[in-house]
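Novice: What Swiss-Prot shows for this protein is this:
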type	residues	note
BINDING	495, 496, 497, 498, 499, 500, 501, 502, 503, 517	ATP binding site
DOMAIN	489-764	domain 'Protein kinase'
CARBOHYD	6	N-linked glycosylation site
CARBOHYD	41	N-linked glycosylation site
CARBOHYD	204	N-linked glycosylation site
CARBOHYD	227	N-linked glycosylation site
CARBOHYD	291	N-linked glycosylation site
SIGNAL	1-24	signal peptide
TOPO_DOM	25-406	topological domain 'Extracellular'
TOPO_DOM	428-824	topological domain 'Cytoplasmic'
């Protein structure tokens, strides 16, 4: 029986890992451990001995005589001895190992940069190949990194090569591990390929090259190579939980009941299966049925990953009490999981389930567990014990790593082919209906048409008919012109990379500078985003919304062309780049501009548009630092007049996501307000919305900033670059506005119009102080929209902004377009 962790159990919980160290460790058939650049052997974490590669027998593995061994002359006292030396490859080099047992092997490469007399390892830039297959491209690091790869070796020799990226570069490594994996560590049977609306079988998994990205001990403490059977490291899940209130830790002191055919101690150590996160059913703020969700940044967009989930029912007092569902990226991956049946009716018996899933357009993988329809209402629960995420690298034709992914693509192609056929059929019907109703529709309201969402794939004909039938002919730009204007999409002109594809700096025939966003060639996965941006941006113009110049759909391409924003994203002027930091006044003006653009989206039609992905990288700056909201791929129409929300799947970016929208899947314009509030704190503190490398209390920017705000000490975490120039009255009002935006419930958040008015007041306070307003009163400002009774509610006004921007707005929104000249 497992118990939720409370204060009296905390010590026992954290010492739990120490109770299970006596089991016999796995003994691999092939086992090579190299201490690179050292003259002596050394141990690391355990009794495993790493051989020096500067003397026999370790030096026999080096296949080059042009490498250099270096030592850290000033090592940190906390640094392991293994990381005090390194092998440097100025012109490339490799290690070669004899493989006695063919099959799956682990390869771990340790990189711990330091500065020596001749080399600063932090400036290294190189590639790593395994038997000629590139596993690391253009690698450099300023901190300790351990890269782990799992792959099948069929040759008698394993060669690991380190190649400088350019002539001026060099490669290095501090330690190398090569050892054979336990039998059946990667299985070819039973792996589910999670795709929209179904879960197919992914074949030939053992022949793929895997790179470990995350290894999580859910609900437990950190595990090191000292207490793991395969010398792995498992980190805690606290920083990955999307809603901490939904989960509570559970644990047991009883050893897992391992069964034949289930998990083994080599798959995961005891401590993983003895702890878990389960639903916090005592939390009264949550609904009766909810999911526990984790979000994992994997960096690579639209890339397949092996997701291995570990389960052990340590929360049930008897069999057949626990039923739950598993979701990956919102798709149902496993319905009605019954651990009792899967473990042959043995309680607390470990097992794991493998899935293959694709990361989303933001480079995220989201995993959720939640109650099943089979759950007893009195025992609704779900749990998860561990997570491993491994990136599946590009298909390999090398003899060393055999196997192909043809089966996968056959499955995917079959499914998507069905979607293509259905899409063509429904589009044909749609076109006929449009011809019939064209006159009627042209006389209707000028509000935006609802955005269409497509699933699966489509070919160029489908796209052409969809876009062409929308009447956007004047926006078409030929592929030849874009190819010429970007020097054949030269990689040196890339100014950004997103989930849709790369963004290039380019120019048109008339020498107009543009930003060219090109969807991944041959892929139709971005079709909904492609259509959404054209639908929205072709119908509106506003000074603070990025303008669409045109699009291209020739040769199965999906290319969007925008006005060029010289200064790039707001984020690059706050942190993480060499750009000079913006002043406090500039930051306020940027926030005000973005709020104006967002307010126009929310109020520019009867339904309005909800952006759904407001963040600092989607607010761009032109040459004069004028802010413009960009990237409308996730946007959709707001609720109808008689509705309060739009029910839809959760979309957005980790760290900016409205918690209420996440819990209820009910989208409103207040979801954008929450995201904008996070941006306000980002502007003030100059740090990311989520930073998993920080201590737990600081990981989430909004939570951390609000905590300091409520203590009256927000000035202590303000960006040092602007701390001396912010007036206290300006900071106070700005912080109050940001805090209200980030309220847990949408009803407690202001409208974006209120936010806009308050930000303009913040700027006035910064430039002139509170003037005649008593200090205790300047925290609340009345929005002038409350004094609109003199305007007719039924009329529409077409506004000309003098700078070429225009749009249809109702008279009830006219005040949102007024410019406040004071303080400009």
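For all residues, glycine too, the Cβ spot is worked out from N, Cα and C.
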Novice: Fewest other CB within 10 angstroms, which one of the binding-site residues 495, 497, 503?
Specialist: 497
Novice: So among 41, 204, 227, 291, all listed as glycosylation sites, which is physically nearest to residue 501 (ATP binding site)? Use the C-alpha atoms.
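Specialist: Spatially nearest to residue 501 (ATP binding site) by Cα position is 204.
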Novice: Across the whole of the domain 'Protein kinase' (489-764), what does the mean pLDDT come to? Round it, please.
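Specialist: Mean pLDDT for the domain 'Protein kinase' (489-764): 87.
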Novice: Including all protein chains shown, what's the count of other C-beta atoms within 10 A of the C-beta of residue 501 (ATP binding site)?
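Specialist: The answer is 26.
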Novice: Tell me, how many other CB atoms lie within 10 A of the CB of residue 227 (N-linked glycosylation site), whichever protein chain they belong to?
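Specialist: Result for residue 227 (N-linked glycosylation site): 22 neighbouring Cβ atoms inside 10 Å.
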Novice: Measuring Cα to Cα, how many Å separate residue 495 (ATP binding site) from residue 204 (N-linked glycosylation site)?
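Specialist: Between the Cα atoms of residue 495 (ATP binding site) and residue 204 (N-linked glycosylation site), the distance comes to 37 Å.
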Novice: Given residue 497 (ATP binding site) and residue 204 (N-linked glycosylation site), what distance in Å do their CA atoms have, once rounded to a whole number?
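Specialist: Here the two Cα atoms lie 31 Å apart.
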Novice: Taking just the CA atoms, what is the gap between residue 503 (ATP binding site) and residue 204 (N-linked glycosylation site) in Å?
Specialist: 35
Novice: Using DSSP with the three-state reduction, classify residue 204 (N-linked glycosylation site) as helix, strand or coil.
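Specialist: The residue in question, residue 204 (N-linked glycosylation site), is coil (DSSP, three-state).
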Novice: Going by C-alpha positions, which of the glycosylation sites (204, 227, 291) is nearest residue 41 (N-linked glycosylation site)?
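Specialist: Result for residue 41 (N-linked glycosylation site): the nearest of the glycosylation sites is 227.
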Novice: Does DSSP put residue 291 (N-linked glycosylation site) in a helix, in a strand, or in coil?
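Specialist: Going by the DSSP assignment, residue 291 (N-linked glycosylation site) belongs to neither helix nor strand, so it counts as coil.
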Novice: For each of 41, 204, 291, count the other CB atoms within 10 A of its CB; which of these glycosylation sites has the top count?
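Specialist: The most densely surrounded of these glycosylation sites is 291.
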Novice: Work out how many Å separate residue 227 (N-linked glycosylation site) and residue 291 (N-linked glycosylation site) at their Cα atoms, rounded off.
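Specialist: Counting only the Cα atoms, the answer is 31 Å.
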Novice: How many whole Å apart are the CA atoms of residue 291 (N-linked glycosylation site) and residue 204 (N-linked glycosylation site)?
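Specialist: So the Cα of residue 204 (N-linked glycosylation site) lies 32 Å away from that of residue 291 (N-linked glycosylation site).
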